[in-house]
Amino acid sequence: MAVERTLSIIKPDAVAKNVIGEIYSRFEHAGLKIIAARMQHLSRERAEAFYAVHSERPFFKDLVSFMISGPVMVQVLEGENAIALHRDIMGATDPKKADPGTIRADFADSIDENAVHGSDSPDTAAQEINFFFGPDEVCPRTR
Ligand code: UDP
């Protein structure tokens, strides 16, 4: 399996629940390394741009409002098979369908407010990492 990088966002609902450390701990226990991180409060324009792929969906307006309702914690995770592994740890989009022990099963309240985001393919991961981080903000481990 290849070493991959993926973009993770801890969404405003989970930041408000004060579970950033708990979620980081799940990443680390799964073998994912945090190689970039920033807390920020997204502007409406940035949130719309990030979710542009969903702009025609009925939930788009509410999704953007939710994503700007408070700060988010954004990070790059690196590890073997990181993209799929991260999606496994997150659980299904709808927390009611998420496996027990996943982040969404434990911390998300609804499909609209579902605690975390994770890239879903190598192309999306590269795009989403570039959306948030410049090359000198990503710090792979050298020891
Ligand atoms: N979403 C929503 N309502 C829906 C479906 C999706 O609010 O009925 C939001 C939800 O926050 C989800 C995001 O849109 O995480 C992106 O949807 P996607 O299907 O890509 O799910 P994900 O990749 O986040 O599991």
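Just so it is clear, glycine is given a Cβ too, placed from its N, Cα and C backbone atoms.
Note: the domain 'Nucleoside diphosphate kinase-like' (3-140) comprises 64 helix, 28 strand, 46 coil (DSSP; helix = H, G, I, strand = E, B). If you look up TrEMBL, you'll see 3-140 marked as domain 'Nucleoside diphosphate kinase-like'.
Note on Phe59 (ATP binding site): other Cβ atoms within 10 Å of its Cβ, all shown chains, come to 12. Annotation source TrEMBL lists ATP binding site at Lys11, Phe59, Arg87, Thr93, Arg104, Asn114.
According to TrEMBL, the active site, pros-phosphohistidine intermediate annotation covers His117. Sequence-distant neighbours of His117 (active site, pros-phosphohistidine intermediate) (same chain, six or more apart, CB under 8 Å from its CB) are Leu7, Ser8, Ile9, Lys11, listed in sequence order.
Listed in sequence order, the binding-site residues among Lys11, Arg87, Arg104 whose CB lies under 6 angstroms from an atom of ligand 1 come out as none at all.
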